[in-house]
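Feature annotation from TrEMBL assigns NADP(+) binding site to C:ARG48, C:LYS54. Taken from TrEMBL, the feature FMN binding site covers C:ARG130, C:SER131, C:SER132, C:ASN242, C:ALA243, C:GLY286, C:LYS301, C:PRO302, C:THR303, C:SER304, C:SER305, C:ARG327.
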Number of protein chains: 4
Amino acid sequence: MSWNTFGRVLRFTTWGESHGPALGAVVDGCPPGLLLDEGAIQPFLDARKPGQSKFTTQRKEADLVRILSGVFEGPDGQQQTTGTPISLMIENTDQRSKDYSEIAKTYRPGHADYSYDAKYGFRDYRGGGRSSARETAARVAAGAVARLVLPEVQIIAYVAEIGGDAADAANFDAAEIAGNPFWCPDAAAAKRWAALVDDARKAGSSLGAVVECVATGVPAGWGAPVYAKLDADLAAAMMGINAVKGVEIGDGFGAARLTGEQNADPMRPGEDVPEFAANHAGGIAGGISTGQPVVVRVAFKPTSSILTPVETVDRDGNAAEVRTKGRHDPCVGIRGTPVVEAMMALVLADHKLLHRAQCG
Amino acid sequence: MSWNTFGRVLRFTTWGESHGPALGAVVDGCPPGLLLDEGAIQPFLDARKPGQSKFTTQRKEADLVRILSGVFEGPDGQQQTTGTPISLMIENTDQRSKDYSEIAKTYRPGHADYSYDAKYGFRDYRGGGRSSARETAARVAAGAVARLVLPEVQIIAYVAEIGGDAADAANFDAAEIAGNPFWCPDAAAAKRWAALVDDARKAGSSLGAVVECVATGVPAGWGAPVYAKLDADLAAAMMGINAVKGVEIGDGFGAARLTGEQNADPMRPGEDVPEFAANHAGGIAGGISTGQPVVVRVAFKPTSSILTPVETVDRDGNAAEVRTKGRHDPCVGIRGTPVVEAMMALVLADHKLLHRAQCG
Amino acid sequence: MSWNTFGRVLRFTTWGESHGPALGAVVDGCPPGLLLDEGAIQPFLDARKPGQSKFTTQRKEADLVRILSGVFEGPDGQQQTTGTPISLMIENTDQRSKDYSEIAKTYRPGHADYSYDAKYGFRDYRGGGRSSARETAARVAAGAVARLVLPEVQIIAYVAEIGGDAADAANFDAAEIAGNPFWCPDAAAAKRWAALVDDARKAGSSLGAVVECVATGVPAGWGAPVYAKLDADLAAAMMGINAVKGVEIGDGFGAARLTGEQNADPMRPGEDVPEFAANHAGGIAGGISTGQPVVVRVAFKPTSSILTPVETVDRDGNAAEVRTKGRHDPCVGIRGTPVVEAMMALVLADHKLLHRAQCG
Amino acid sequence: MSWNTFGRVLRFTTWGESHGPALGAVVDGCPPGLLLDEGAIQPFLDARKPGQSKFTTQRKEADLVRILSGVFEGPDGQQQTTGTPISLMIENTDQRSKDYSEIAKTYRPGHADYSYDAKYGFRDYRGGGRSSARETAARVAAGAVARLVLPEVQIIAYVAEIGGDAADAANFDAAEIAGNPFWCPDAAAAKRWAALVDDARKAGSSLGAVVECVATGVPAGWGAPVYAKLDADLAAAMMGINAVKGVEIGDGFGAARLTGEQNADPMRPGEDVPEFAANHAGGIAGGISTGQPVVVRVAFKPTSSILTPVETVDRDGNAAEVRTKGRHDPCVGIRGTPVVEAMMALVLADHKLLHRAQCG
């Protein structure tokens, strides 16, 4: 079925296709009285938007957001949320009118062409239609609203690894992240990645990536056991991003190789709250935040849009071949980074409100 | 908040604490006319139940399920589902009346003691209360009902790795899985693990594990883009199991280290449906099943219940120390295996019905 | 489909059939720290239970509730809610083993026999199965939990009319309500109704009723526009009670016959909040409470279980006739009164928490 | 809280304020392959739109709908639904820039001014903001999509009563309904109402109304017991329409005054399905459709916008007075009629899909 709403209390619904007239999100349940105008959203869309460097797709989209409802005059002539649904719209402008006849009839392996057809009987094939990563612009816009609900929380996402080449945690420099086209916290790695991604781009190949996201300032107590655990909701949020194939909380798969002694997070008396000597758990125990940083790792596969011909079938079941010419992202994990941040914000904001509902 | 319901159309709600009188599940939305009695559920509970070997906790629970509603006389004197909610109850029998004073006042690091207290202000500390893995018995019972909805699907889960020692895929033998106490598909690995886990048990230590689950027979077309994608729902389902810290679909994090060429899943003409030359995607593209086997990998951390003393604090914030004496699971991933299977069944059954709702 | 959960934040799920072993409710999302034991629920079940007078069905059910989860030791040796799901169970004891062969094969007009069969292909016909009003015992138990969430609110329901004979508002005496077998606030009317209902009972006939419910102490601001309005949720809650065919808020259908001037609720300065000169609106404007008493009126049809033979068909489509011998309620509105109260409590408690989620 | 989504499988979310730039709906879960373009929606909006006669508000709105997503090329050059969310937008054009200072500071009794302020701390007061009946345009647009899901069902709503003057059922003429400005099925009543409403309009007064809606062609078996009963969902849908204060199914409150014998709906053998000798039940038994026409009656209060001054308070709690000059609807029930039809379609379509999910 189609299910385009996410969240339990702070809910958002997105709509729109890659090459339709527009796409958007409706954010519902947002508390009233938060300062919100387009200027509070646009920077996050700018961070995600294509064509920013030669390392991302050359599709040109202004990705200008418009707020159509849910805000009104606030203090000092500023605009604030009213508590009613916030409708956000982004018009598509660069729907290049190319010939889609090939993709219309032939399934691109690794894309959702075949599965959408199998489900719905047909599909909007222009640029992937609803399955296009362009939909994530709506999440990023919604995520900007969610951030307003979380003034106490700092969220930062960065690329930790591209094509198997990992940034060095010892070189971690938060200030570096926005300073290179890879959201890389390690200047040396960024330099290596420039060559790596450029080679892939020139060869019409593509690379996978791992993105990490850390939220600090999350108090202990957020999370809704047992079927809306904070980590379960984060897993769904991240796994639902286009091209994502894996999610870890804290040490993740690494924890499966540790002993109980190695994986322990000893606690010590702290000032207001206990201190933790380690954070293998990634800030979540029993599905509830512990007050430690919430840490998520997300695996992006390499995009299936490559220049090398791949065997496939057409809609009639005949053998065919497909190769992707033209603009595409050589490493979708890069542009996925602001989306990971947005989803972290959306999940945390929802859980903050959920916690307040039950526990006051 | 508390959120104890899972699913969208086939929904189940669980309740109960580790040391309360009973625990259970209410399964709602199940189609009518499916043959169901206790005998269809009990074998799955038996697979999960404790005390089966020296490699799992020695708590003795019969884990007998009772169906309290939702079934009625069917053909040939058999009992069948009526379409109304199915209430399943399992009584707790071995709630050993030990002294809980230590755990009542002192937080066990790695457990949910501190986070539950931070959330609710206090907690039922007997055996972890609601945060105990005992709750998963209710999921396994619900999962047995979900299986009835999926006669076309075969689901099998097995342990792929314990303490970093992986089973060899070349030795994979499905018949072996139920033949050793580890759900291990590789007889040689099972032998090694016996020593490994026994050592851990004797040392009062614990080990992590990786569980794999494969569902075959899932037709192309199940999944609900974009916020109830099949992979996203599986990620939530698995990450919500006690002690799970990571989830992968198909190649998962491995895909992040591949190129687009290596990660391709070429398609070829098949008899009824296309054949896939590979299944890096784990049977899901764009959140919708492709007709290939659905493959999930799940990382279980080592349990935090160890004999080695760990630093902690008490409820008053004073320094303390905790060590776990008595019965516990040296490798919770083992008993987690039937739970992974159950969650796979529950997610697939829900998506089968969701698909039918929209697409007939 | 089957959909046995009600509520958005404070949710409850009921299960069970009229003649199964038991029925129950799972209440989820309840705040922690509320004093709760069986004694807080039983009086409400006693008010609803059958066999209390000759004016209700003579089925004898103890309707003893058992709390199976969600509570733990609180202050002073009392039991309190933990924030986890509260499982409530009521065992059926008087499932008279009568011969159901007639009802099994023949549809009782006005009952849900035919519609259940049309939906599910068959049904548990014993006493109406899931469609029996016995299910409302679970709502009443859940409602008792909801009341704990609403210490500031007083809820009272009473029968305003039986068989077209209305109680006189001028004789309204709250103390009288529990003093007669009709929940009638007018002693004179109660006397008349005794004769009226007794005549119906002896004749094997049945009578409709109108129940009113008033909640005072609800602050202004509860309600979730625009598709979970307080009045819309109350309408669903009440219309979903067995035998209910109409719901009014405030003046209801009477308001449709007034002019704007007559229907006005003028406001005047009050101490803390404005005073209202009238309450035609029944305490709700725009789906949000105004601080005035919330007033609901509910129409119960006469039960279809009557001694007079009624034309019908059997499962094979042949003409048949049905008449109801044995125990039944001559006026189901009477026993519906505690159910109306319970649903009012459940809706208000849910909206209190919903309001807190968004507006702090 | 804010909760702007309705439905379980076929869900829609609306957004927008009376005097914002636009309003709209996102319809999710719609089956693929249904022919849909703006032309399939516009006639229903035209039926609802203001300024059609002197008997409705003189605000001029073109109410042109635009489909922004969820449709794509279908057969014969027509456009069809894809199964992805359908975004519908209607721009506001006649937001008369009048002086809102009075309404901004003074609560209009009977409107949602006070309750919105009590909830959110402030409100968009222009024309009622989100609480304006203008929001119902979005429902009507969504309802047009729902109708596509229900080719087997015919839905018709009409005004049965204005200001206490009822149309005569004996004069019922379906062809008459769209032939007068009152959706009145009785030509004689329409004539009387013209005078009645005109008098009210000239006097700056307002009148209540009762709207009836009948859906024929609904097969037996739709409905989701016990907390999403068809009648309960209809009650919520109707009670949530602006100015509605009462809802009846079938005989409604009238049934409360009947005996069981009078209220019986005897069944007789029919061709494919049984025939019913009467339909007191309004086509629903036990929350499930019986195959008889589904009949709903809805009470609209007179609008509170009247010329006569009404006592009130301002935001500072001081005594004030309010009277409504300028354009308004003398009888909001008239324009509510297409909204009742739309909500009937939306509830039925949702239940058709829900039924299909569980029962195939």
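Yeah, the Cβs are placed from backbone N, Cα and C, and that goes for glycine too.
Overlay of TrEMBL annotations on the structure.
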residue  : record               : Cβ within 10 Å
C:ARG48  : NADP(+) binding site : 25
C:LYS54  : NADP(+) binding site : 13
C:ARG130 : FMN binding site     : 30
C:SER132 : FMN binding site     : 21
C:ALA243 : FMN binding site     : 25
C:LYS301 : FMN binding site     : 31
C:THR303 : FMN binding site     : 25
C:SER305 : FMN binding site     : 23
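Chain D has a C-beta under 8 angstroms from the C-beta of C:ARG130, C:THR303, taken from the binding-site residues C:ARG130, C:ALA243, C:THR303.
Chain B lies within reach of C:ARG130, taking the binding-site residues C:LYS54, C:ARG130, C:SER132, C:ALA243, C:LYS301, C:SER305 and requiring a CB-CB distance under 8 A. C:SER132 (FMN binding site) sits 14 Å from C:ARG48 (NADP(+) binding site), taking the C-alpha atoms as the reference points. For the recorded site, C:ARG130 (FMN binding site), the DSSP three-state label reads helix. Under the three-state DSSP scheme, C:ALA243 (FMN binding site) falls in the coil class. Straight-line distance linking the Cα atoms of C:ALA243 (FMN binding site) and C:ARG48 (NADP(+) binding site), rounded to a whole number, equals 15 Å. Rounded to a whole value, the Cα-Cα separation of C:LYS301 (FMN binding site) and C:ARG48 (NADP(+) binding site) is 18 Å. The distance from the Cα of C:LYS54 (NADP(+) binding site) to the Cα of C:THR303 (FMN binding site) comes to 16 Å. A distance of 17 Å separates the Cα atom of C:ARG48 (NADP(+) binding site) from that of C:THR303 (FMN binding site).
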